[in-house]
Amino acid sequence: MTGRTELFAAAHLACPVCQGALEASERVLGCPAGHRFDLARQGYVSLLDGKGTAHRSDTSGMVAARIRVFDGGLYTSIQKAVAAAVTQSSRDRSADGVVVDAGGGAGSYLTAVLDAGRGDAVGVNIDLSKSCARAAARAHPRVVSVIADLWASIPILTGTASTVLSVFAPRNVAETTRILMPGGHWVIVTPNSGHLAEIVEPMGMLRVGGGKADRLDADLSPDFDIADTERVVASLDLPPDLLADVAGMGPAGFHRTREELLTAAAALASDGAVTATLDVTVTLARRR
């Protein structure tokens, strides 16, 4: 895979207007029906359908906070668990399609998967945020970065994805089922009730809602079998700056400024750092 055009050509992207296959030429993607989508200078493509969306996308400040959290190694245990799940899934699969991170943010999990897997695998990082798309385009040389609204459609051709990742992200079950090849896998990361519980209230973060396991079972039951689950628990020592970033990379970043988060973090971490518990479940599901 030597150039950006070849990379996009290998991504099995679908037109968001007519669902036709998108072919790549220099700086443009096009389908047989004549719909065209320009590749941005920053290395991503927008495949929004032009109908608008009611959903908010991550801001540049939220993305910057997330990158600092990953650079600080705080979520390395989740990255490793996700990459291990994808490696496990590839053992019983004879054909390899693209790896799609649906709601992939800045591409941190997809990068871990590509680094741990085959050297020629192509990953597609999809997010609604332009700031995420810019960051993901720089994250790894084999990442195709796409702006799209996951609730409208996932712009991947039917049956061409070997693996889909949904890490702390909304799940479009129908579209995920459509794009996965038979025997393909869905790797889902969900927070448990104790995830970051020590800092949720003082930092103004959203609590983990109840019933997540039941909703996941309902999502998977018609078309998937659970192949494996792993609980990942780790203790995080958070100095004030990273404490503010952990809060600010999520929904709290929509309504609190970084200065407000730093002030709250300094008060909470008055002894220099706060210990918080990372607690998530990684589910590996196989499409029937």
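The backbone N, Cα and C atoms fix where each Cβ goes, glycine too.
Automatic prediction, not curation, is the source of TrEMBL annotations.
What TrEMBL records for 14-48 is domain '23S rRNA (guanine(745)-N(1))-methyltransferase N-terminal'. The feature Zn(2+) binding site is assigned by TrEMBL to Cys15, Cys18, Cys31, His35. The S-adenosyl-L-methionine binding site feature in TrEMBL is assigned to Tyr75, His195.
Projection of TrEMBL feature records onto the structure.
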| residue | record | DSSP class |
| --- | --- | --- |
| Cys15 | Zn(2+) binding site | coil |
| Cys31 | Zn(2+) binding site | coil |
| Tyr75 | S-adenosyl-L-methionine binding site | coil |
| His195 | S-adenosyl-L-methionine binding site | coil |
- Whole-number Å value for how far Tyr75 (S-adenosyl-L-methionine binding site) lies from Cys15 (Zn(2+) binding site) (Cα to Cα): 34
- Euclidean distance between Cα atoms of Cys18 (Zn(2+) binding site) and Tyr75 (S-adenosyl-L-methionine binding site), Å: 38
- Note on the structure: In chain order, residues whose C-beta lies under 8 angstroms from the C-beta of His35 (Zn(2+) binding site), counting only those at least six residues away in the same chain, are Cys15, Val17, Cys18, Gly20
- Specify the count of other C-beta atoms within 10 Å of the C-beta of His195 (S-adenosyl-L-methionine binding site). 19
- One finds that other Cβ atoms within 10 Å of the Cβ of Tyr75 (S-adenosyl-L-methionine binding site) number exactly 25
- Item | Those residues of the chain, 6+ apart, with a Cβ under 8 Å from that of Cys31 (Zn(2+) binding site) | Cys15, Val17, Cys18, Gly20, Ala21, Leu22, Glu23
- Message: Taking 8 Å from the centroid of the Cβ atoms of Cys15, Cys18, Cys31, His35 as the cut-off, which other residues in that chain fall inside it around the Zn(2+) site?
- Response: Ala14, Pro16, Val17, Gln19, Gly20, Leu22, Gly30, Pro32, Ala33, Gly34
- Identify which of the binding-site residues Cys15, Cys18 has its Cβ surrounded by the largest number of other Cβ atoms within 10 Å, counting every protein chain shown. Cys15
- Express the predicted model's confidence over the domain '23S rRNA (guanine(745)-N(1))-methyltransferase N-terminal' (14-48) as a mean pLDDT, rounded to an integer. 96
